[in-house]
Amino acid sequence: MDMNRLTQKSQEALQEAQTAAGRMGHTEVDGEHLLLALLDQEDGLIPRLLQQAGTEPKELRAAVREELSHRPKATGPGAAPGQVFVTQRLARLLDAAEREAKRLKDEYVSVEHLLLALAEESSSTAAGLLLKQAGITRDSFLSALTQVRGNQRVTSANPEVAYEALEKYGRDLVLEARSGRLDPVIGRDAEIRRVTQILSRKTKNNPVLIGDPGVGKTAIVEGLAQRIVRGDVPEGLRDKTVFALDMGSLVAGAKYRGEFEERLKAVLSEVKAAEGRILLFVDELHTVVGAGAAEGAMDAGNMLKPMLARGELHMIGATTLDEYRKHIEKDAALERRFQQVLVDEPSVEDTISILRGLRERLEVFHGVKIQDTALVSAATLSHRYITDRFLPDKAIDLVDEACARLRTEIDSMPAELDEITRRVTRLEIEEAALSKESDPASKTRLEELRRELADLRGEADAKHAQWEAERQAIRRVQELRQELEQVRHEAEEAERAYDLNRAAELRYGRLQDLERRLAAEEEQLAAKQGENRLLREVVTEEEIAEIVAAWTGIPVARLQEGEREKLLRLDEILRERVIGQDEAVKLVTDAIIRARSGIRDPRRPIGSFIFLGPTGVGKTELAKTLARTLFDSEENMVRLDMSEYQERHTVSRLMGAPPGYVGYEEGGQLTEAVRRKPYSVVLFDEIEKAHTDVFNTLLQILDDGRITDAQGRTVDFRNTVIIMTSNIGSEHLLDGATAEGEIKPDARALVMGELRGHFRPEFLNRVDDIVLFKPLGERQIERIVELQFDELRQRLAERRITVELTDAGREVIAHQGYDPVYGARPLRRYISHEVETLVGRALLRGDVQDGATVRVDAEHGELVVTYDQPEDVKGAWAA
């Protein structure tokens with residue numbers, strides 16, 4: 001027999017038969033070895049055919065192994081390992097298989113021909129007897145083969161690819177809907193109706209669903225499958241089935257030229273043979289264009305066109321707007337064969353309805369209860385804060401993750417119990433150490449420790465018992481919910497089959513009984529938990545808000561008591577750091593309070609301010625302090641020095657370079673920073689130095705609270721505080737300040753006039769407040785000196801060195817280090833030169849030891865720094 005006429009799987013089976021014979025110590029490879037190899041083949045056709053014929057392959061495999069185990073084995077010095085001979089019977093079997101292939105008009109000898117040859121053998125052979133005992137005859141096997149193979153012939157070395165191609169490379173959505181595996185589809189009636197209209201057409205009956213990712217395109221097709229199951233479709237669609245084709249598995253593993261085309265042709269042949277009963281659904285339709293195309297090969301899109309044009313193939317596609325434009329619209333011949341169905345993002349109200357429909361499924365899966373307020377919160381918060389994704393997908397994800405978080409907490413040890421367990425472990429280690437000591441103090445401590453341990457162990461046991469009881473109760477509730485859903489599904493099936501007795505028994509018998517038991521279990525669980533519950537099994541709006549905060553970094557949870565107090569005291573906290581600028585502090589604080597209390601305009605930033613004033617009066621310091629107070633870190637401040645944006649070509653760096661330019665992939669310095677930290681202070685330092693085109697960019701941010709970057713992504717600025725600092729008119733503020741530090745009305749008018757001369761009206765009109773910073777007086781400078789020394793104290797605290805500043809020293813530093821033109825900035829330089837340098841030298845020389853006290857004083861108008869060592873060793877030097 002010509003071995004080249006064997007298919008790939010047949011050759012593998014013969015090779016495996018030879019290997020099995022050698023492994024078992026047999027010198028000859030026979031028909032039983034071949035039968036075992038056919039049964040053992042991974043993803044093989046024979047086990048599937050035997051199951052179709054009503055035989056269990058595992059039992060037959062065990063019987064063949066049992067038979068082979070009784071055969072004589074070649075052992076000892078005369079045995080030649082690895083040397084296996086083919087029996088005459090096996091050679092005759094191969095010839096018989098070749099005859100079977102000719103009889104079936106096949107070009108290659110496949111595995112089914114080999115099994116037919118084995119089934120044709122008489123009962124005198126072990127293989128023939130075992131197959132007959134298993135109920136496999138030539139006729140029964142041919143019947144099963146016809147069901148799987150249809151009218152296809154073996155024309156290639158890998159024919160299994162073409163058998164049951166739809167089952168292999170697709171999912172039957174109607175079957176899944178009938179078995180209750182699909183989630184319910186709420187709404188989308190207009191889109192499903194439009195799809196059914198297009199499918200009912202004579203030609204060009206191929207709808208393509210186009211919409212943003214996550215709006216529910218696939219759900220529409222699942223909804224159609226569910227309607228087909230319910231019979232809620234036109235007469236022409238009643239007996240149809242929907243197969244979702246998986247392009248990934250169709251392409252995966254296609255190693256050789258033509259293998260992909262062969263698989264797709266097999267799928268299309270099955271669809272054609274079904275004579276319109278199969279609707280083919282291709283998710284991500286754009287993957288069809290170019291799929292499988294290599295040099296000289298035809299891509300999937302071109303293979304589909306003839307069948308689509310003739311109406312032999314009913315296809316439903318789904319893709320996004322961008323992918324449709326990029327791939328499908330370029331191929332006009334393919335595009336005209338599809339009818340577009342645009343799928344818009346649902347409204348918040350529709351999303352809430354969708355979530356209510358999915359609630360029961362999520363509750364059953366996670367074993368938790370979801371409050372209706374949590375669903376409303378998920379829809380509204382995701383719409384408001386997660387702007388780069390689409391409803392209902394992002395809202396469903398929120399609820400799903402909130403449920404998963406609670407489920408994880410239920411399965412993990414509660415924090416209270418975990419803390420007690422850790423304390424018990426720590427005390428047990430201490431007990432083991434103290435038990436080795438013999439002194440009276442250790443013995444006394446040991447007795448106390450053992451009493452404490454006994455109390456803690458008792459508490460831990462009680463908590464553990466409570467935890468287990470609550471977990472068991474939650475598990476019972478979950479099992480009842482699952483059973484309830486199963487009974488509902490069975491009742492629906494019975495109603496579809498018009499088995500009204502069964503439906504009535506389920507609906508008015510078991511279903512009501514289960515609902516009563518579930519209500520009783522939930523009451524029992526609530527009573528068990530009481531006030532001192534360890535586990536939470538109800539998803540509330542608080543959990544949803546926590547997930548949103550974790551995703552976006554925006555604190556959307558309801559204000560906690562501590563945060564409420566902090567916000568009410570925000571102006572006091574800011575005044576501790578920003579000295580002498582009460583008006584600026586009040587305006588900024590009011591904006592934050594309006595935002596966090598939820599009464600501001602949700603379409604604009606939290607607040608936008610222009611800070612005007614001379615250098616060194618606290619404009620940048622206020623922005624830093626605000627970031628530190630609100631977000632616990634100055635890292636949440638996006639600072640842009642506008643002197644870097646003086647030229648026109650540098651403006652593109654804010655939003656990213658346009659396509660085709662270097663740096664396009666990196667995004668903009670402003671937009672990327674805000675995308676990563678959407679809840680932050682954005683500081684545009686020295687705004688007057690920026691190019692005028694920068695203000696065109698800022699107009700949209702200030703008015704709409706959003707901007708589109710170079711890559712087309714919308715960046716949300718609605719949760720940012722925008723601060724722009726400027727030195728415009730600072731000379732008027734310096735000259736026009738009263739002795740008390742107040743700004744004269746005429747000086748204010750001059751500053752505003754100069755401001756209007758520099759910035760356009762449409763820009764100034766969009767800013768919430770223009771804040772004038774007053775020049776600092778000597779009293780404020782003295783308070784700033786104290787703040788600077790607080791920073792020095794913190795730096796020296798690691799070495800336990802304390803710094804004392806006398807009133808005289810403070811006055812000298814304030815007098816020497818202050819310049820009205822430069823503000824408070826020279827203070828830092830003065831302290832650095834006159835104090836920090838001297839202390840640094842003393843530390844290096846060893847004059848100041850750890851634990852010493854450094855005193856900064858003044859004598860005769862000169863600064864004097866002295867130090868006290870812990871051993872009362874003193875030294876002094878004049879500055």
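Glycine is treated like the rest: Cβ placed from N, Cα and C.
Positions annotated as domain 'Clp R' by Swiss-Prot: 3-151.
Among the features that Swiss-Prot reports, region 'Repeat 1' is placed at 6-71, with the record citing sequence analysis.
Residues or ranges marked as region 'Repeat 2' in Swiss-Prot: 86-151.
Among the features that Swiss-Prot reports, region 'NBD1' is placed at 164-345, with the record citing similarity to another entry.
In sequence order, THR320, LEU321, GLU345, PHE390 constitute the residues six or more apart from ASP212 (ATP 1 binding site) in its chain with CB-CB distances below 8 Å. DSSP assigns ASP212 (ATP 1 binding site) to coil in the three-state reduction, placing it in neither a helix nor a strand. Positions annotated as ATP 1 binding site by Swiss-Prot, on the basis of similarity to another entry: GLY211, ASP212, PRO213, GLY214, VAL215, GLY216, LYS217, THR218.
Taken from Swiss-Prot, the feature region 'Linker' covers 346-553, and the record attributes it to similarity to another entry.
The coiled coil annotation in Swiss-Prot covers 396-530.
Swiss-Prot lists 563-775 with the feature region 'NBD2', giving similarity to another entry as the kind of evidence. Summed and averaged per residue, pLDDT over the region 'NBD2' (563-775) gives 81.
Per DSSP, the region 'C-terminal' (776-879) is made up of 54 helix, 25 strand, 25 coil. Feature annotation from Swiss-Prot assigns region 'C-terminal' to 776-879.
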Inset, instruction - Any same-chain residues 6+ apart from GLY216 (ATP 1 binding site) with CB under 8 Å of its CB? Would you list them in sequence order, or say none? - result: VAL185, ARG188, VAL343, PRO346, ILE354, PRO392, ASP393
Legend entry - Neighbours of GLY211, ASP212, PRO213, GLY214, VAL215, GLY216, LYS217, THR218 excl. site residues, C-beta within 8 Å of centre, ATP 1: ALA318, THR320, VAL343, GLU345, PHE390, ASP393
Inset, instruction - For the binding-site residues GLY211, PRO213, GLY214, work out the Cβ neighbour count at 10 Å and name the residue with the minimum. - result: PRO213
Legend entry - Counts by DSSP class (helix H/G/I, strand E/B, coil) across the domain 'Clp R' (3-151): 96 helix, 6 strand, 47 coil
Legend entry - LYS217 (ATP 1 binding site), number of other Cβ atoms within 10 Å: 25
